[in-house]
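**Student:** Below are the structure tokens for one structure; questions will follow.
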Amino acid sequence: MSIFSSRRQFLKSLGLAAGAAAAGNALPGKAVEIPAGDHLWKSASPAAPRPSGSTYMGGFKAPRLGRIRLAFIGVGGRGFSHLAQMCVMDGVEIVGICDLKEELTKRGVDRVLSRMGKSPLGYSGGDMEYLTMLKELKPDAVIISTDWSSHARIACDSMKHGAHAFVEVPLAVSLEELWSLVDTSEATRKHCMMMENVNYGRDELMFLNMVRQGVIGDLLHGEAAYIHCLVTQLGDTRGEGAWRPEYHTRINGNLYPTHGLGPVAQYMNLERGEDRFCRVAAFASPALGRNAYAKKHLPADHRWNNTPFICGDMNTAVVKTQLGRTILVQLDETSPRPYSRANLIQGTEGTLAGFPTRVAGEKLGNGNYHEWIEGREKLAAIYEKYDHPLWKRIGELATKMGGHGGMDFVMLSRIVECLRNGEPMDQNVYEGASWSSLLPLTARSIAQGGMPVEFPDFTRGDWKTTMPLAVVS
């Protein structure tokens, strides 16, 4: 079939599309459908038993794929970056690209043709056009880089059409959506992996390796954050600025928990045999910074000068695990301060921390844990001894390829390796659901005055049988 059709051109005007990329392409001024209030957490009750015929997906090994027929849904900034990196992967054939905007679909098609010598089919139009692509091409796997509100719907549809789903962060917004992803993955026996790229950063991989080797003893406490001033998005009409600020007007909670939480959760083996998330209590500061920015930098009649923001500028939550460990999780996308994900893990014999990278412990350096080992020269010996085998193997190439310092390339390489070798994914659907659930759970806790709220057990008790993530080479 032709890349574009008159029907697709007509559909282009009908609504917010599957192609609104994580850094990409929602329609300017088009409202995003955002669940709010108790709609975020209405499926927080204990899970029903797993339906007959469904499969627990922790450690699941799908049949090997000698060649991966891959499709993309959403190729704005984030999706196009994934597309460009997948063009150099062995064993990958990019068969389809879908985006709301015809020009972005064409850009993706042209990139694949120039790099791989074969043109994928392009789809563009309304927000359900991706279904046409799934039905016609039947891809093995799909990479989804759309606005948050469409993640769950598109991923579930992809799995129902026989494709493994790889989804940008967060996996979904509401507990109901997260349960639908878990249930669909189990029913279809298809991987549903949230692509938490930060877990593949050099420091995060090294800390995982050090924790697995027992360098800091028994784990006690972690700290995770997403501190990133994004207020300038209020002046944007394309990309994330077209839809992401809307969440700050609808939800008072941690809107973006997984970048900081994902690595800490895997250090602690949460939902993987050793420990699990139990409850969280959250609090929010006043929401002042965005209205102040809009008043200072935008016209008086601009929508953001006539819309109240409710998401506190700083969101602080404390997570308690079944073993009694604690995790501090913070979000601030508004205040003028340097970027940080915290990335701290503390044990009985030492502490590893990020931003800046620094370590201290009884088994590190000369054992003087009253001072940090930090700075390029002092950390050189730590990297030499503890760099993760995966980073040693492909870190140099990943750094050259770019993508958040190489973490994107390492993540995509592992996805390809796992699919081609029939290995379990490094991040299973239950981890993606648990990490993403901080969004609705912190909103619920804040709405209830900071009362602790329980985490759903997305594994239905089977986390106890799931192996910890190995230090793969």
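A Cβ is built for glycine as well, from the same backbone N, Cα and C atoms used for every other residue.
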**Student:** Check Swiss-Prot: it lists ARG244, TYR256, PRO257, THR258, HIS259, TYR339 as binding substrate. Then name which of TYR226, TYR267 it lists for that same site.
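**Tutor:** Candidate listed by Swiss-Prot for the same site: TYR226.
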**Student:** Which residue of ASN197, ASN269 does Swiss-Prot report at the same NAD(+) site as GLY77, ARG78, ASP99, TRP148, SER149, SER150, HIS151, GLU168, VAL169, TYR256?
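**Tutor:** Looking through ASN197, ASN269, the residue Swiss-Prot assigns to the NAD(+) site is ASN197.
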**Student:** How many other Cβ atoms are found within 10 Å of the Cβ atom of ASP99 (NAD(+) binding site), counting all protein chains shown?
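**Tutor:** The Cβ of ASP99 (NAD(+) binding site) has 33 Cβ neighbours within 10 Å.
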**Student:** What's the longest C-alpha separation between any two of TYR226, ARG244, TYR256, PRO257, THR258, HIS259, TYR339, the listed substrate-binding residues, in angstrom?
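**Tutor:** Maximum Cα-Cα distance: 18 Å.
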**Student:** Using Cα coordinates, what distance in whole Å links ARG244 (substrate binding site) and TYR256 (NAD(+) binding site)?
**Tutor:** 11
**Student:** Need this for a regression test: binding-site residues TYR226, THR258, TYR339, filtered to those with Cα within 10 Å of VAL169 (NAD(+) binding site). What's left?
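**Tutor:** Matched binding-site residues: THR258, sequence order.
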**Student:** Using C-alpha atoms only, work out the spacing between THR258 (substrate binding site) and SER149 (NAD(+) binding site) and round it to an integer in Å.
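**Tutor:** Pair distance, Cα basis, whole Å: 16 Å.
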**Student:** Between the Cα atoms of GLY77 (NAD(+) binding site) and HIS259 (substrate binding site), what distance do you get, rounded to the nearest Å?
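**Tutor:** With the alpha carbons as reference points, the distance is 18 Å.
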**Student:** Long-range neighbours only, meaning 6 or more apart in sequence with Cβ under 8 Å: which ones does HIS259 (substrate binding site) have?
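**Tutor:** Long-range Cβ contacts: VAL169, GLU196, VAL198, TYR226, ARG341.
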